[in-house]
Structure formats: C-alpha cells, structure tokens
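Written below as structure tokens is the structure these notes are about.
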Amino acid sequence: MVKEVVLGIDLGTSAIKIIAVDQLGNVIESVSETLKLYQENPGYSEQDPNEWFEATKKGIKELIQSTEMSDKIVKGISFSGQMHGLVIVDDNGIPLRKAILWNDTRNSIQCRQIEDIYGERLNYNPILEGFTLPKMLWVQQHEPEIWNRVDVFMLPKDYLRYCLTQTIHMEYSDACSTLLFNPENYEWTRDVGDTFNIGDIYPPLVKSHSYVGNVTSSLAKELGLSSDVAVYAGGGDNACGAIGAGVIHDKSALCSIGTSGVVLNVEYQRVTSYDSNLHLFNHSVPDTYYAMGVTLAAGYSLNWLKQTFFENESFEEILNLAASSKMGANGLLFTPYLAGERTPHGDAQIRGSFIGISGQHTKADFARAVIEGITYSLYDSIKIMRRAGHEMNSITSIGGGAKSRFWLQLQADIFNVQIKRLKHEEGPSMGAAILAAYGLGWFKTIESCVEAFIKVDEVFEPNNENHDLYEQYYSVYEAIYKQTKQLTADLLTITN
C-alpha cells in the first residue's frame, strides 16, 4: 500500500536539508546538499539563488529514488528558510544579482540613514545590518543600474518556492524580517518604502500554511513527483525551528545553537516595549508572535575554539574536557563577539575577549569559558524578555547545545529554567513538514500536529545553588562590553 508523505525543505546558509515525513510524524528519509557562500569583500556574504534551486532539485531526486521512498507518494511540500536575505528579480522572474544574506554587514551607512528618519526601531524591530531594507538601499545606492530593473523582491525560501510553482508570495513570519512589514496589521508599510523610493516591488502576502500552488508539471516530471503535489508557503527558519521543536504556546521558549544562537519566546500578545536589539516577529502559528534575541557567534565560537586550539579533538571531547573544569572556568570569562554582536548590543565592531587569564588556567578552563560565554550571551536575551514581564515555563534546546548533557544542565543552571531535549531533532525542516501536513488537512490544527509529531526525550531542572554562582560571574560578564568597546574600536582602526 502506498503511503502519503510531505516534504519539509529547509534552506539554510551552509546547506539545504529535505525530509520526508509520514502521517505519524516519522522521518522516512532525509537528504542534505551543501551550498556555496560568496564572500568577495570584508563584510560581504552572498549566495547564488540558482544554486539553491539546483541543490533542491538534486536533493529531491536523491530522496525520491531512495529505497525508503519506494512505496511512498509526496502529497505536499513546504519550506523553511534563512531570513532577511534580499533576492531581487526582473519582470521575467530572473535574479538580477546574487542574494545578499542575513549575515552581510556592508550596509551600516544605510542603517544610519533609516535611523535618521525613524529612530532606533522600525515596525517593532531594531534597525540592524541583517534586515532586508538596508540591503535594498545599498543596492539602490551602489548598483542603480540593477535596482532600476527590479520587478519584485523576495526572501530566500520565497524564490525557491517560486522556482517550484512559478507563483510569487511572501508569508508573514518572514516578511516581518524586512523592516517593511507591520506585524500588527499584517500589511506592508508602503509609506516606509516610499520614503526611500523603493517602488512597487512588494510580493503578495499569505499565511504560513497557505496553499500557493502546485509543483509545475514539467518540474514534477523531472523530479519524479506526481502531478498534483501541493505547495504551502512555509516560514522563516526561526519560526519553523520553533514549530519543529514544539514551541508554539505562550511562555514556551526555544534555545537554538547553530552558527549563530537564538533565544525565542512565544507570545500571544504583541509587545512594543522591548529594547536592546530584541526582535518581535510573527510566528508561523496563526495569531501568535515571538520575541527573539540573537548571539551572532554561538556555534561559530566553538568552531573557532576547535580549529584554533583543539584541531585533533572532536566536539564531544572538547565538551567533556570543559566539563572537567569548575563552574566559572576557574575565574576565566569569554565574550563570544567574534563577529560583532546582535543582542543586546547591536554592535558590528565589537570583538571578543578572554578576561581573567592567569598562568594557572588550562585548556579545560578555556574550553569551559567559551561554552559558558556563549550561554551568558544567550542569557542576555532571556534577561531582556523577563524585564519586559515575559516569563518562561520551559525552554526547548536544539542544535549544538542539545548534543551534550553537560551543556544542557549548564543552560538550565544559568537560565534558571527547565530545559527540554527532544527525542528526535529535525529542526526547521520538521516545522516546514508540519505546515505542509496541516495545510493538506492531515490535522485540524497545528497544535494537534505538533502533539503527534514532537516528543520530549529528557528534562533538565536548574540547580539553585549553581545558578546563584553563575549570576555572580554573569554580573562581571555583563560589564565586559562597556569596558572593551572603545579598546576593540581602537584595535580595528589600527588593523584596518
């Protein structure tokens, strides 16, 4: 008997991941295709949208041809995608240049131009280099011959979905990452675009679970799909990551540690009083929002540590070594500002520090200091959320920080909240699959689909005594930014 499945496609920065999920939430097959990053100048980060499409086609073909899929039929597809990235196409739907990605920081001047008119926040969000509008202004000012040919702008997963369906849409959870969308009334703020002469280049807006068309017949034939595969809009990677982790209810939160780190807290009510570069976005769950803080160099800091000091050790060995050091790393602190910092400082120029180094410190202390420093940076975001009156009943941890029981307990102790680890972690691709399953009508609500698909494996409770000690170290950590801001600025002046 042929069984129905949905595909969840996650367009990340380093790879595209595609999973096939059945009606019980079982992952039948999973494939991943690597992506090339173009960094031609300092601060630049781009990808070729056509390479996303080619990698997706390759991945779907590989998945469909696998033994596990021999008695399965794909009924629906949805997407998760890296947010903020600017894709601009002409009136034939052809990209006019490479996509400028979320981690591209060339547009600081354009951010200041926006701030001069609107202040520090626009449409409930801080004006930062990562957002889409400053990228638009950079192209407009530096590549006017390209900008004058723009017919519509999209975000990364929207372009990929367009390649499959030949229909253009953008959904709310991603649109709110542009600075051109009002999350309160679910509409484009065209007056903002008019201020900067953006033009009428806005795509139609839809909900994350909205049906937007079918895979085109010619592409379906090429990929080995049936002729009636329904496609659903999808969500930004953080919204889909939250759905894929079961984080969909008020006071539930997500801690995701990848290259960057994210703390995401779900809210049923909009909040306008956030400060310190915390974001407020629409969730992919209807009538739900999430506040989000970002640590730019979370897993990146751990990768740097490994490549620089532990080249021959595995990550597991590094974490085991870190666990052998004392809480507080024997008085050694690390700030993970290797690529600047997003929350709470919004500072692209700040750089990392080790504070308190003595001749007694060991490799184990340095490893633990990096792990603790990453976690303190994530704690910055949690502190801001709590100051605004939003408590968390639990945090589900995914990514690199969920692969170690030591790090999970450390998160519980520093954050002072229950930490959950999932039985099976698929991340944003599972969130995309859930949106497709809900869109197809497999479940009456997203909540019932999440309940069926997502299971918790282990729970870590905070140790109050440990938390009190970490609070003392955190109070010192918190002061490092102000003490080193000018010093690192001076160093960059000399270096540059």
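Note: Cβ is positioned from N, Cα and C throughout, glycine not excepted.
Source: prediction; values computed, not measured.
As recorded in Swiss-Prot:
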SITE      Asp10  site 'Important for activity'
BINDING   Met83, His84  substrate binding site
ACT_SITE  Asp237  active site, proton acceptor
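Projection of Swiss-Prot feature records onto the structure.
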residue: Asp10; record: site 'Important for activity'; DSSP (3 states): strand
residue: Met83; record: substrate binding site; DSSP (3 states): coil
residue: Asp237; record: active site, proton acceptor; DSSP (3 states): helix
Including all protein chains displayed, how many Cβ atoms other than that of Met83 (substrate binding site) lie within 10 Å of its Cβ?
27
Is it possible to get the count of other C-beta atoms within 10 angstroms of the C-beta of His84 (substrate binding site)?
25
Can you give me the same-chain residues 6 or more apart in sequence from Asp237 (active site, proton acceptor) with a CB-CB distance under 8 Å?
Asp10, Leu11, Gly12, Ser80, Gly81, Gln82, Met83, Pro428
Taking 10 A as the limit, how many CB atoms besides its own sit near the CB of Asp10 (site 'Important for activity')?
28
